[in-house]
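To keep things clear, I will list the structure first and then write my remarks on it.
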Amino acid sequence: MTATADLWPLFPDHIKQLQTRAERLFKRENLDLVAIHSGQQKRWFLDDMNYPFRANPHFKAWCPETQLANAWVILKPNTRPTLVLLSSPDFWHTTASLEGAPWLEEFHVEHISSPEAIEKLLPYDKKSAAYLGEHIEVAKALGFENINPDPVLHFFHYHRLFKTDYEIACLTQANHIAAEGHVAAADAFFNGASEFDCLLKYMAATRQGQNEVPYNHIIGQNENASVLHHWMPDKKASGSLKSMLVDAGAEVCGYAADISRTWSKQHNEYEELIAALDQITLALIDKMKPGVEFPALHQLAHEQIANVLFAFGFVSCSPEQMIEDGITTVFLPHGLGHPLGLQVHDVGAAQADERGTPIAPPSGHLTLKTTRTVEPRQVYTIEPGIYFIEPLLQKLANSRNKHLINWRRVDEFKPFGGVRIEDNIVVYRERNDNLTRQTALDAYVKKVTRLA
């Protein structure tokens with residue numbers, strides 16, 4: 001758990017708001033108890049080693065310490081939430097220390113000596129109780145019948161998008177930490193470092209290891225910048241460094257930052273393309289307001305990308321035809337963005353209401369997973385990109401639209417891989433708060449980039 005002391009004055013109201021939501025759920029679903037299981041360690045196959053522990057995100061919403069296996073949050077109507085902690089002696093492993101943690105004051109705390117001992121804190125009759133967690137076998141052994149019921153999950157997932165002040169503060173701190181990593185990785189790149197060495201610089205600057213961050217670091221140089229999730233960093237430095245795309249974050253009390261930046265080794269046309277994407281990012285953020293449907297933003301992104309593809313001479317037809325024929329999806333094959341919070345791709349992104357009514361993506365954009373209408377106090381990423389992805393380009397070269405592409409021009413940019421710019425945005429009623437542009441990263445970009 002990475003946090004500063006100024007978070008904790010915000011925590012009581014956060015718990016109060018979560019409890020208020022839960023009270024509505026208890027009445028609606030006729031529940032007397034919801035037991036949220038943090039999870040438990042999992043062994044490697046045929047081994048005595050464990051995978052890194054990842055807590056149930058529903059547990060993380062209540063508990064800021066994310067490294068608590070076999071812990072529980074028990075919710076009851078009109079009752080202070082109970083935090084159950086496993087307190088058995090363990091000389092094999094280091095366990096998280098909660099001594100003196102100020103946020104514990106918001107809970108009634110119980111200690112159990114073994115994972116099985118949770119049974120004594122649960123009612124015998126569980127017909128009006130629900131289990132939320134990954135371990136179905138644990139729930140069944142404890143006698144739960146309502147295991148991850150859809151009405152409960154849909155309710156919590158829908159409301160997860162509306163952030164409390166505490167949650168926004170966590171996301172803000174995570175952005176500042178991640179920004180330090182991005183600056184360190186960029187410095188290493190400009191000094192000729194490999195992808196792997198840039199990764200090491202990133203981790204050193206953020207003080208967060210690979211098992212602490214919300215998702216695997218993506219650091220791709222040259223052609224590797226065209227791989228959307230390049231998770232195998234090259235340990236050998238390239239003899240001809242051209243570009244680097246970094247998509248990496250940080251975590252504070254379970255809340256994620258998710259930032260992408262792209263760098264050019266030289267001041268050239270590729271850097272101009274980066275600058276064009278940066279302007280598109282800011283323009284789209286300016287259009288993201290309460291009442292706007294996210295698919296409309298996604299469509300606008302493709303219109304802007306089409307303009308850039310035409311302006312840079314990659315495609316010769318009109319922007320309208322590019323979109324109609326699906327050419328822009330070759331260069332931008334992913335969604336414009338997603339909700340951000342306890343999960344990098346946070347849940348509830350395609351729900352119309354708390355009952356879970358789905359909102360389908362628009363025709364031709366099936367990869368768009370965020371289809372909700374934007375509302376105040378929601379947090380989204382905005383991450384347009386232009387990529388030169390060999391399999392997609394090959395498919396385009398074999399299509400009826402191949403004559404519309406300036407293949408010589410495309411070949412000039414393929415060695416750079418691609419470009420992605422990604423910011424984290426809090427939406428308010430009258431304004432947007434760009435958490436990423438308030439960090440040290442913004443000043444660094446302006447210092448090292450000619451076109452910033």
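The backbone N, Cα and C atoms fix where each Cβ goes, and this holds for glycine too.
As given in Swiss-Prot:
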- D247, D258, E422: Mn(2+) 2 binding site (BINDING)
- D258, H338, E383, E422: Mn(2+) 1 binding site (BINDING)
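Here the features listed in Swiss-Prot are placed on the structure.
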{"residue": "D247", "record": "Mn(2+) 2 binding site", "DSSP class": "strand"}
{"residue": "D258", "record": "Mn(2+) 2 binding site", "DSSP class": "strand"}
{"residue": "H338", "record": "Mn(2+) 1 binding site", "DSSP class": "coil"}
{"residue": "E383", "record": "Mn(2+) 1 binding site", "DSSP class": "coil"}
{"residue": "E422", "record": "Mn(2+) 2 binding site", "DSSP class": "strand"}
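For D258 (Mn(2+) 2 binding site), the same-chain residues lying six or more positions away in sequence with a CB closer than 8 A to its CB are P214, Y215, D247, G249, L340, V344, T381, E422, N424. Long-range neighbours of E383 (Mn(2+) 1 binding site) (same chain, six or more residues apart, CB within less than 8 Å of its CB): S260, T281, H334, L336, G337, R420, I421, E422, D423.
Counted within 10 Å of its Cβ, the other Cβ atoms near H338 (Mn(2+) 1 binding site) come to 21, all protein chains included. Each of the binding-site residues D247, E422 was scored by other CB atoms within 10 A of its CB, and the lowest score goes to E422. In sequence order, D247, I259, S260, G337, L340, V344, T381, I382, D423, N424 are the same-chain residues whose CB sits within 8 A of the CB centroid of D258, H338, E383, E422, the residues recorded for Mn(2+) 1 being left out.
Taking the centroid of the Cβ atoms of D247, D258, E422 as the Mn(2+) 2 site, the other same-chain residues with Cβ within 8 Å of it are I218, A248, G249, I259, S260, T381, E383, R420.
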